[in-house]
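The domain 'Cytochrome oxidase subunit I profile' annotation in TrEMBL covers A:9-523. Summarising the annotation, TrEMBL assigns transmembrane segment to A:27-48, A:68-93, A:105-128, A:154-180, A:192-219, A:239-263, A:275-299, A:345-369, A:381-405, A:417-442, A:462-487, A:555-574 (among others).
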Amino acid sequence: MATATATNTNKSVLWDWLTTVDHKKLAVLYLIAGALFFLKAGLMAIFMRIQLMSAENTFLSGQTFNEFVTMHGTIMLFLAVTPLIFAFMNFVIPLQIGARDVAFPFVNALGFWIFFFGGLLVSVSWFFGGAPDAGWTAYVPLSSGEYGDLGLDFYVLGLQISGLGTLVSAINFIVTIINMRAPGMTMMRLPLFCWTGLVTSILIVFAFTPLAAGLALLMLDRIFGAQYFNPGSGGNPVLWQHIFWIFGHPEVYILVLPAFGIISEVIPAFSKKRLFGYTAMVFATLIIAFLSFMVWVHHMFTVGIGPITNSVFAIATMAIGVPTGIKIFNWLFTMWGGKIIFNTAMLCASSFVPTFVLGGVTGVMLAMVPVDYLYHDTYFVVAHFHYIVVGGIALGLLAGTFYWYPKMFGHKLNEKLGQLMFWMFYVGFHLTFFIQHILGLIGMPRRVFTYLDGQGMETMNLVSSIGAFMMGAAIIVLLINVVYSAYTSKRVTVRDPWDARTLEWATTTPVPEYNFAQTPQVRSLDPWFYEKVHGDGTMKPAEPMDEIHMPNGSILPLTIGLGLFVWGFGMIMMQMENPLIPEWIVIGAGVIITFGSMLLHSIHEDHGYHIPLDKIKKIEKEVS
Amino acid sequence: MSDEMSKPFDKSALTHEELLKINRERKIQITAFACMIFLTLLAFIAVAMEMIAPGFTVPFILLLAVVQFALQLFYFMHLKDKDHEWPNAFMLTGIVVSTPAVIALILLLGVTKY
């Protein structure tokens, strides 16, 4: 990235990236961290599919399989998809609302590093007696001190820490979207990705807090001998399920709403039409967000709560189909009659629609209580939610990657390799998961590490595994594409390589550190498109050219994250058989690093720096 | 410019009207605080007095709690003020989302033990 001219050149590259508070660089960090976790969790899925390829296979032991199932789910949801979404939100939202950065750049960096070290804490569990093995839901009593091993302590504290980072980033985005919009960018002119980003952030604030509470209770149970979930001492294990799903159901929408947002950006851009029913889309998003908090019991239909409660939550669940249907039809109507360009981004975005409908239909099927008793804990459920997360979120993220890649890295990804990846991924995906519906219906339970011969499950499992290998190969093609394009792709020098509509394409490529030399004046929905058609093709400035106030970089976010990591690790050491050093030293060190860094940040006055006017003019001439 | 931000300044930049407004605000805060102390006292008395039946005490305390919650939000957290639409919206969302959840949990976990 040629933004080096705009930054302090006397910093080394590594130090620059470790201390950066620039939202565009943090986006790249999120992207890299998320992609690494994604590859790791994907590899676990491949291993699990190898194990399930034939009946009574002995490739993995039952224990290892349990650990893989747990870590696959945990990593994919908390440490892969969430940061990938944050990567795009970080990069795109400030550009789309015409801001120079997020509201609190330091807090943005803090959110990334806390998330990263939290994820690291979950991941190091492999080296200390095995990963967590109670499923990503960590139901008690499986995860209680009695049955769960040390891995669960890593799960509890690692997720607690990384959840803190996610919360911090979400609050930052809410403030950014509400307060940092350019003049004229009213709420109803906000691009849909910003809307879904805002709603997602709100959901995070309301959903990750119950999770933090639940994890704190589980931690007290496990490490300090409390008995919130121990029925023998008057606790109630169902409490965990309630708390977990009060968080867990909105979590699904936290992940899928930004994917909706990406799709709602990509489809209009490549259909050459404005988004159909913008207002309806916004309100559908809000309704989905609201309903997502009212349906958590549908994960617990078979607990035995009773027919009345089950019916209420079943109806609430089915109601979510209505706003989602509005969205689906709006995407279809956006494409209808448009001049559609089927490049990789559009292929991913348009195929998202039917795939997501399939996932939604099985969702409504699962919402019917009587048949849910049959589907519950079978592969049908696995197929259902993978249609949502892979067919929905992963395709959305791939579309976003191909769409925003030129803005982020200054060159496009190779189209041929991209389309090869798409078709391999798409075919592989349906091969893997469609057949799992049928596997579930004939009675294969989920989360089992093997099955018996002669029950009619061998062929279908083999097909499913072959599909998984195809998806794995597709991801390898994507990686090859990233490297190949970096060497061979033509540099993008124009502002707007896709002829798109929203404000991020009004910035120069590469985006200078301050994004907009002059804050743009927004005159319409799709402001960049409006200026291209009705204006002179450039954004009208809302302010005179002046020197720009920028925040200084800081290493403190990293040290605060590191401190929390050490602190959490010390807490886990309390449970270890014979730790090499006393745990109190480690806990003390963590506390001192964390709060010491915070203290340092409080007493050290840092008002940032100003980029002088002549330097801005020089950069602007250089990049345009 | 940024270096001058840490220098102290002796004369307030506020206008006379703004200072008056702050004084008024301070008075309101103290009144609200006294009001809340009084409500808390009432709650304590209701629990401590043996002649007041528990059948009355429980709903009475709950009512006091609701009043105090509203006072907290509107006076201490400034929801009554102008330009607080967004915080208002968020607080309201939080209440709307959490109330059914809390009631459902009380009924499910407290009554039927599920």
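Using N, Cα and C of the backbone, Cβ positions are placed for all residues, glycine too.
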State, in range form, which of A:27-48, A:68-93, A:345-369, A:381-405, A:555-574 has the highest count of Cβ pairs under 8 Å to the transmembrane segment (A:105-128).
A:555-574
Can you find at least 3 Cβ pairs under 8 Å between the transmembrane segment (A:27-48) and the transmembrane segment (A:275-299), where each pair is 6 or more residues apart in sequence?
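Contact between the transmembrane segment (A:27-48) and the transmembrane segment (A:275-299): absent.
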Output the single range from A:154-180, A:239-263, A:275-299, A:381-405, A:462-487 maximising the number of Cβ pairs under 8 Å to the transmembrane segment (A:555-574).
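Answer, by Cβ pair count: A:154-180.
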Can you check how the pLDDT averages out over the domain 'Cytochrome oxidase subunit I profile' (A:9-523)?
93
